[in-house]
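S.K.: For reference, the structure I am asking about is given below.
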Amino acid sequence: MAIEFVATSKLPTKFGDFNISVFQDPVTGEEHVALSKGLEIAPTGPVLVRIHSECLTGDAFASLKCDCGPQLQATQKLINDVGQGVILYLRQEGRGIGLTNKIRAYALQDQGHDTVDANLLLNLPADARRYDMCSIMLDHLQVKQVKLITNNPLKLKALTDLGINVIDRVPLTVGKNPFNEQYLKTKKERMAHLYQKDDF
């Protein structure tokens with residue numbers, strides 16, 4: 001996937017001041033965003049990085065069905081506190097299946113199916129995301145070493161397979177509530193997410 005840097009601006013947020021940069025696929029028009037702080041000068045050491053896939057329901061509407069919104073906000077706060085880092089915000093709604101299919105999957109979850117089986121019942125993969133654009137985005141930001149903020153081993157493997165130097169993993173466990181506890185357990189038990197024993 002060939003994406004290109006197309007625009008950047010300063011972005012003040014309630015968590016601090018960031019820079020927002022947009023990358024676009026010139027063929028499809030698909031856009032991805034890097035929200036960064038402290039990268040005006042090329043970093044010489046490892047940088048906090050989170051790969052966050054778009055979640056309209058969690059990020060914008062504060063849905064309690066997932067932990068996406070709390071993860072995004074906690075990462076912004078962490079990066080601001082540290083003074084350096086980047087969130088790669090990928091436009092891959094619903095783990096890559098799109099908003100319509102995600103809501104269809106939610107309806108199946110309302111009937112008792114877990115997040116994996118709901119996708120499979122729609123003849124869709126449990127996780128359809130790609131991460132090839134991340135290397136281009138990180139190269140543009142001159143990030144050479146990564147401390148990846150994630151619980152997802154697939155993201156670790158994906159970045160390593162792309163040749164990105166991931167030197168450490170930073171766990172992120174926030175946002176558990178009665179509505180998403182089973183969802184988080186499913187991510188641990190069926191998607192191998194790296195939660196601690198006492199997270200549930």
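Every residue number used here counts from 1 along the chain in the order it is shown.
Keep in mind that glycine also has a Cβ here, set from the backbone N, Cα and C atoms.
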S.K.: Return the residue out of Q71, Q73, Q84 that Swiss-Prot annotates for the same GTP site as R50, I51, H52, S53, E54, E93, G94, R95, T115, T150, K155.
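M.R.: Given R50, I51, H52, S53, E54, E93, G94, R95, T115, T150, K155 bind GTP in Swiss-Prot, the matching entry from Q71, Q73, Q84 is Q71.
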S.K.: Give the distance between the Cα atoms of T150 (GTP binding site) and C68 (Zn(2+) binding site), rounded to the nearest whole Å.
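M.R.: Each residue's Cα considered, T150 (GTP binding site) and C68 (Zn(2+) binding site) end up 12 Å apart.
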S.K.: Have a look around C68 (Zn(2+) binding site) and count the other CB atoms within 10 A of its CB, chains all included.
M.R.: 21
S.K.: If you count other Cβ atoms within 10 Å of each one's Cβ, which of the recorded positions C55, E93, D127 has the most?
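M.R.: Neighbour-count leader: C55.
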